[in-house]
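Features reported for this protein in Swiss-Prot:
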BINDING   Gly8, Arg11, Arg91, Arg137, Arg140  ATP binding site
BINDING   Gly8, Arg11, Arg91, Arg137, Arg140  CTP binding site
BINDING   Asp21, Asp23  Mg(2+) binding site
DOMAIN    228-329  domain 'HD'
Amino acid sequence: MKIYLVGGAVRDALLGLPVKDRDWVVVGSTPQEMLDAGYQQVGRDFPVFLHPQTHEEYALARTERKSGSGYTGFTCYAAPDVTLEDDLKRRDLTINALAQDDNGEIIDPYNGLGDLQNRLLRHVSPAFGEDPLRVLRVARFAARYAHLGFRIADETLTLMREMTHAGELEHLTPERVWKETESALTTRNPQVFFQVLRDCGALRVLFPEIDALFGVPAPARWHPEIDTGIHTLMTLSMAAMLSPQVDVRFATLCHDLGKGLTPPELWPRHHGHGPAGVKLVEQLCQRLRVPNEIRDLARLVAEFHDLIHTFPMLNPKTIVKLFDSIDAWRKPQRVEQLALTSEADVRGRTGFESADYPQGRWLREAWEVAQSVPTKAVVEAGFKGVEIREELTRRRIAAVASWKEQRCPKPD
């Protein structure tokens with residue numbers, strides 16, 4: 001029996017990145033030997049075991065053979081005669097097909113070290129094309145390592161295009177698509193994930209609402225980048241700089257979906273695109289089974305982001321009504337989230353990357369003023385039932401009006 005550290009732990013250590021999870025491959029053993037040694041079996045479809053002390057995963061070396069459609073259609077073969085090289089060959093990318101023995105020596109049968117040095121994401125073998133989930137995984141790796149200068153090898157991108165055009169991605173379940181997307185949204189450069197999907201044709205298949213934005217022009221005066229698809233990726237990039245929250249990043253990605261519905265004869269203007277985009281947000285989220293909290297914020301951002309841009313022109317009643325509409329009294333975090341997504345929208349434009357966004361500050365200040373109005377004082381004043389809410393709203397409007405007079409500049 002020989003045991004090797006494999007995959008991401010080896011890769012990230014070589015890149016000088018923190019190693020989060022360690023996976024091991026066991027060569028020359030059997031399930032019974034693992035059980036006799038005190039390991040606990042957890043793999044149903046193939047032999048994976050938990051170490052009795054560290055609880056890290058130890059998998060018997062195995063090969064996989066395509067036996068059906070999609071990413072689940074594989075037959076696994078694990079036996080003592082399966083070599084380390086056999087096991088590494090089934091992996092997706094060469095940089096993930098590295099192993100390390102107990103002496104610290106790197107085993108690299110597929111030139112993963114060379115590709116690490118050259119910052120290349122390259123598939124190990126043609127078997128890559130048998131698993132459609134790998135298209136999303138490579139896009140996610142491209143996003144995760146973009147800051148290190150990684151790019152996808154030309155032949156790998158070509159294979160990803162062929163897989164997409166062959167209809168392989170249609171076998172992916174919504175849950176797996178969302179899981180990979182959610183993971184990509186946590187990276188430093190989530191926009192790269194969607195750009196890669198567009199480059200291989202997968203964006204049209206998995207995110208048609210976003211793909212439809214490319215080629216849709218916006219007024220050059222406000223959008224020097226002109227193309228709404230490009231603007232969308234720029235705003236996502238900016239959102240990633242402003243917030244680590246997946247909710248904020250996903251909502252920013254979806255903020256302009258309504259522009260994809262504008263008839264070409266009305267271009268480059270997109271009046272009412274915010275509310276129009278709400279249905280597309282709901283459609284996308286329902287299809288991918290996006291969690292409700294993330295969906296709800298994306299709907300609100302689509303509907304109200306343009307309203308925040310015009311904050312100095314809003315009357316106090318409209319401002320308080322906005323807080324009602326986003327349910328800020330019960331979910332106060334939405335004020336900050338709306339401020340961040342709106343700021344990302346403004347700064348996600350060519351030449352505006354460092355722009356100030358006072359509207360975000362005014363929104364936050366107005367919220368502090370509105371929520372500081374005490375409910376207790378309204379009750380103690382003798383108001384009852386529905387009168388309490390009406391009086392509370394009146395006092396909030398008055399407080400915001402007083403603040404706005406002093407702090408918020410009047411529109412020209």
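Cβ coordinates are placed from backbone N, Cα and C, and glycine is handled just like the others.
Features recorded in Swiss-Prot, as mapped to the structure shown.
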residue : record              : Cβ neighbours (10 Å)
Gly8    : ATP binding site    : 18
Arg11   : ATP binding site    : 21
Asp21   : Mg(2+) binding site : 10
Asp23   : Mg(2+) binding site : 16
Arg91   : ATP binding site    : 22
Arg137  : ATP binding site    : 20
Arg140  : ATP binding site    : 23
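Excluding the listed site residues Gly8, Arg11, Arg91, Arg137, Arg140, the same chain places Gly7, Asp92, Leu93, Ile95, Asn96, Phe141 with Cβ atoms within 8 Å of the centre of the CTP site Cβ atoms.
Taking every pair among Gly8, Arg11, Arg91, Arg137, Arg140, the residues listed as contacting ATP, the largest Cα to Cα separation comes to 16 Å. Inclusion criterion for the binding-site residues Gly8, Arg91, Arg137, Arg140: a C-alpha placed within 10 angstroms of the C-alpha of Asp21 (Mg(2+) binding site); this criterion is met by Gly8. Listed binding-site residues near Asp23 (Mg(2+) binding site): Gly8 (candidates Gly8, Arg11, Arg91, Arg137, Arg140; Cα-Cα distance within 10 Å).
Each residue of the domain 'HD' (228-329) gets a DSSP state, and the totals for helix, strand and coil are 79 helix, 0 strand, 23 coil. The average per-residue pLDDT of the prediction over the domain 'HD' (228-329) is 96, rounded to a whole number.
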